[in-house]
Structures are given as C-alpha cells and as structure tokens.
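Shown next, in structure tokens, is the structure this report addresses.
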C-alpha cells in the first residue's frame with residue numbers, strides 16, 4: 001500500500017493515496033508483443049505520471065489544469081492548443097480505468113466498499129514520444145484503486161496489465177500488453193507472449209530481470225514532435241492475412257528478445273549493439289519509411305552516425321541509444337543531437353515497483 005495512506009478498521013483508506021507510474025522503453029522485441037512474440041522492456045525514472053486518490057463525499061474525476069484545458073485566451077489559442085496537444089487529456093483515462101476496474105471486480109466476485117473518492121493526476125511524460133504516457137496514467141490510477149479498496153492481494157499482478165489495456169481499449173487506443181506489463185512490474189522485464197500462454201492463461205509469462213545487467217543507455221526525443229508517421233500501417237492486416245514476409249519478420253523480431261536476454265546475462269555488449277540495430281532495421285522493412293516518419297528515422301540515424309546502436313522506444317517519437325565506446329561517443333552524440341535539434345538524456349532506470357502484497361500474488 002502507498003506509504004502515505006492509512007486504513008480504517010473496515011479496510012477503507014482514510015487518507016490520500018498517491019502512486020507514480022514511469023515511462024517505459026521497449027528495449028528489444030517490439031512490436032512483436034501484439035503478434036505472439038517476445039520483448040524486453042524497462043521503466044525509466046526520467047519521466048512519470050502520478051495519480052492521487054483522496055476519500056471524498058462524491059466520486060470526482062478532477063481535470064488537469066493544463067492537460068484538460070477548457071479555458072482559452074482566444075480562438076487562435078484554442079486552435080494552436082488542439083493542433084499541438086490534441087483533443088484528449090487524462091480525464092477520460094481515469095474514467096475508463098474506474099469502469100473497467102469495477103466491472104472486473106463484479107465479474108470476479110470481489111466485494112468493494114461503498115466509500116467515494118476524488119482522482120487527480122499529473123504527468124511530465126512528453127507527448128507523442130512513444131514512452132507510454134497514457135498507460136502510465138492508467139496504471140498509476142489502478143494502483144490507487146487497489147489500495148483504496150484494499151484488494152491488491154485479490155488481483156494478481158499478471159492480470160493487471162490486461163485491466164490497464166482494457167481501459168485503453170474502451171477509448172479506442174490500439175496497443176499491446178508490453179507497455180502495461182513494464183509499468184505494472186517496473187524495472188527490467190522479459191515478456192513471452194506466445195500464443196500457447198495467451199490462450200491458456202490470458203496473459204504472457206513475465207520474468208523480472210536485474211536492472212544492473214543493462215549498460216548505460218540514452219534517450220533521444222524531439223521537444224515538438226512532427227511528422228511522426230502519418231500513414232496508417234497495413235502490417236497488422238497483412239499479418240492477419242497470412243503474409244509470409246510479415247509473419248517471418250515478426251518471429252525474427254521476437255527472437256531478438258531471447259538473444260538479448262542471453263546477451264544481457266553474459267554482459268555481451270557487442271551483441272546488444274547488433275540486436276538493437278537489427279530490431280529497427282526489421283521494423284523499417286516491415287512498415288516502410290513513409291509510415292515511420294522522417295523525424296523518427298532521423299533520430300535513429302543521428303545515433304548511428306556516431307557508431308551508436310539505436311532503435312525506437314515504442315512506435316516512434318523517441319529513440320533508445322547505447323554508446324558502446326563510452327563517454328567519448330556520448331559527447332559526439334550530444335553534438336549531433338544539438339545540431340539536429342533533438343533532446344538527449346541519460347536513461348535513469350526505475351526499479352521494480354512491486355511490494356510484498358504484489359509478490360505474494362505471483
């Protein structure tokens with residue numbers, strides 16, 4: 001339970017509960033998570049979303065003063081805002097997870113007390129950067145609900161990513177389980193989404209790994225993303241239609257996570273360079289440059305120009321980089337990013353966020 005919360009004798013939280021969920025990087029294997037593949041992902045302490053739950057008389061979902069803005073200085077202000085930020089803030093995400101959580105508890109005979117609460121959120125995860133900002137808000141909110149209703153021990157860790165994904169699907173967000181697994185577990189996680197496991201268990205096999213196995217990583221992203229890939233991808237439909245090239249390519253991408261796990265355990269950094277670069281190259285062959293977007297491709301190329309390994313963190317918007325030659329190579333990368341107008345940050349790895357109650361459900 002959140003250390004800031006207290007619980008009454010009947011199991012109801014009587015003080016504020018607050019949880020953070022961190023941005024995630026798909027390290028190897030993405031996007032095979034939605035194609036019965038395997039991935040390795042990690043959460044990073046650079047960016048996070050936080051959700052605060054406070055007991056209240058009525059159930060209240062509080063809009064964020066910036067992300068859910070409804071007051072503008074002019075029509076042009078509104079127009080610019082919508083062009084840069086879109087129509088959606090976090091209120092809909094909080095509403096969706098409340099609905100999905102309640103339905104899950106009903107379907108699984110989990111009794112909930114009748115007290116009400118107010119939910120508010122904040123986030124510093126950059127928009128449109130492929131760092132899982134939406135699912136971070138949802139997973140942080142789920143943690144608050146688990147503690148408020150004192151049901152953490154009744155909902156297995158393995159199924160929580162499904163609950164988070166279900167909330168996002170309510171809103172038409174198309175995604176896979178990888179990001180939600182990373183944010184529910186925290187730290188570095190190997191994930192096996194093979195069809196056998198998904199059909200039998202309803203979820204994958206998730207194996208936490210020691211974060212100290214990772215080499216120093218960097219993150220490249222654009223402060224004002226544009227041209228992030230506007231063309232609708234036909235990869236999913238081609239896979240469903242049995243396209244041999246897409247099917248074999250997705251299998252190859254998934255196998256990179258297996259090879260990557262071995263390379264991490266053996267501290268084989270030259271192999272990691274090879275695997276990271278190959279991951280992006282296969283994605284590029286499948287999706288095509290028009291779909292990926294010129295700016296996204298340039299972020300990868302900037303890193304490669306100095307001999308670093310690079311790939312998307314997600315589906316575009318940011319790139320994870322490994323400089324095997326160390327600080328001197330990072331210096332070269334800093335200069336290339338500055339010239340290209342990109343932001344470069346060293347990755348701070350966020351450790352596992354599971355507590356004793358969570359671990360007992362595994």
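Quick reminder: no glycine exception, Cβ is built from N, Cα and C everywhere.
Sequence annotations record features per position, and here Swiss-Prot assigns site 'Transition state stabilizer' to 24 based on similarity to another entry. According to Swiss-Prot, the feature ATP binding site maps to 126, 127, 128, 129, 130, 131, 132, 133, 134, 135, 136. What Swiss-Prot lists as active site, proton acceptor is 179.
Features per Swiss-Prot, on structure.
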residue : record                             : Cβ contacts under 8 Å, 6 or more apart
24      : site 'Transition state stabilizer' : 41, 42, 43, 44, 131, 132, 136, 179, 182, 183, 313, 314
130     : ATP binding site                   : 312, 313, 314, 315, 316, 317, 318
134     : ATP binding site                   : 90, 93, 168, 173
* Most Cβ neighbours inside 10 Å, all chains, among the binding-site residues 128, 132 -> 132
* Asked: Can you tell which of the binding-site residues (126, 136) has the fewest other C-beta atoms within 10 angstroms of its C-beta?
  -> 126
* Within 8 Å of the Cβ centre of 126, 127, 128, 129, 130, 131, 132, 133, 134, 135, 136, which other residues of the chain have their Cβ, at the recorded ATP site? -> 23, 125, 314, 317
* Structure fact -> residue 126 (ATP binding site) falls, by DSSP collapsed to helix, strand or coil, into coil
